[in-house]
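> Starting off with a structure, shown below.
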């Protein structure tokens, strides 16, 4: 792990820097170093935020999976933009990501869905995510029904369950420093295909 926060301010490659910070978090954070706060906005402009798990990232963007019929799924499909904030308290680091959102390919979604535990794949069918639930029993009944339905063979991916990729136009790295004189580096580009510009920010 890098001990000097000054080291990161020299970086010119945001995805490489993110990979290094995520690797540090995997060694330091006790639970879910890939947990991230995902912010969306509803049709009235009212923000929503919730924790999700980052499942993949590369130079094209940051990937997570969800039910497209959920509140966050519907808000993303409508606005086609989102933001993320990673906070690794043990490292006193934060990364903020903003950009347009695209659906992952069916092949990507199928591959990730197939890698999930069987119970999680059943749950994707049983849960009408974000909609009112009359009782815990109703959910458990749905789980039992789909468990019986898919007792033999593979469990197909629900048509409404897939992934999104945030294609960043802004990535900011923050490191805590004494007396709130933090280090901040912001990478921006006009489009997801553009070249990165880098600025150091006042804390």
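Placed from the backbone N, Cα and C atoms, the Cβ positions cover glycine too.
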> Out of 27, 55, 71, which one does Swiss-Prot list together with 112, 116, 120, 180, 181, 182 for substrate?
55
> Round to a whole number and give the Cα-to-Cα distance in Å for the pair residue 65 (FMN binding site) and residue 180 (substrate binding site).
35
> Any idea which of the binding-site residues 65, 112 has the thinnest Cβ neighbourhood at 10 Å?
112
> Rounded to the nearest Å, what's the C-alpha distance separating residue 116 (substrate binding site) and residue 54 (FMN binding site)? Just drop the number here, would you?
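On Cα coordinates alone, these residues lie 14 Å apart.
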> Can you check what DSSP calls residue 94 (FMN binding site), collapsed to helix, strand or coil?
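It is in a strand.
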> C-alpha of residue 184 (FMN binding site) to C-alpha of residue 55 (substrate binding site): distance in Å?
25
> Need one number for the substrate-binding residues 55, 112, 116, 120, 180, 181, 182: the maximum pairwise CA distance in Å, whole number please.
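Maximum Cα-Cα distance: 44 Å.
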